[in-house]
Amino acid sequence: MAPTALSERLKQSVTKDALRSYFAEFISTFFYVFAVVGSSMASRKLMPEMAANPSGLVIVAVANAFALSSTVYIAANISGGHVNPAVTFAKAVGGHISVLTALFYWVSQMLASVMACLVLKVTIVGQVVPTYTIAQEMTGFGASILEALLTFALVYTVYAAGDPKRGAMGSIGPLAIGMIAGANVLATGPFSGGSMNPASAFGSAIVAGSFKNQAVYWVGPLAGAAVAGLVYDNVVFPAQTPPDSTLTGISDGFGL
């Protein structure tokens, strides 16, 4: 039975609709990472002393908000608009998508992030691709907790924005998701970078060749995302029927 069930899940994860959803995730994640990392590079070009200038933080936060709202919107009806491995992880933990589909989503998101950073490195030869770093006054554990809290807020908003029980939200859903992401960056950018997205951190680290504190941007966001999804589904707005764990193609609701 187990091999048969696994084979069936695999078939469901490579259907035409599933492949379309992976491609949609690739496109959305590519442009999201391109905008976010590119905005940081632009800030350094305009303000060499970016660390001492709060304008740089505002630029990155606004880019996060705009890019996230747009990329979630364009993929929402195809893949669910996750654009973030943490959102995908929360959906898999909650049974909204299968584990195999989540893995394919992750591959699409990681490849997109690496490709976006490679394009920036090749086209803007005078600058290095920036990576997420934590402040000197913070520990890795503290930064992980901070990233977990940020991602909790983000994923909780994702669930609320895409919840059919709250009524149709249309384009307001992606806008709300972008706004919370931008606010999180404004609040914590100087401390942990305000990543909330393992793919974005992974892509820039690969291209830059620096993996210092990389675990912070995986452990924190994945933990925060999983808790947010479970709290929303089981405590705040419990579903009348259990989520369908066989879903393998188009994910429900909005994502990041």
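If you go along the chain as it appears here, the first residue is 1 and each next one adds 1.
Even glycines carry a Cβ here, placed using N, Cα and C.
Lifted from TrEMBL, the feature list:
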TRANSMEM  22-43  transmembrane segment
TRANSMEM  55-76  transmembrane segment
TRANSMEM  88-107  transmembrane segment
TRANSMEM  114-135  transmembrane segment
TRANSMEM  141-161  transmembrane segment
Checklist line | Beyond the flanks of the transmembrane segment (141-161) by at least 6 residues, Cβ under 8 Å | finding: 84, 86-87, 90, 134, 169, 172-174, 176-177, 180-181, 184, 187-188, 191-192, 194-196, 213, 215-217, 219-225, 227-229, 231-233, 253-256
Next item on the list: Tally Cβ pairs under 8 Å between the transmembrane segment (55-76) and each listed stretch (22-43, 88-107, 114-135), then give the stretch with the top tally.
Entry: 22-43
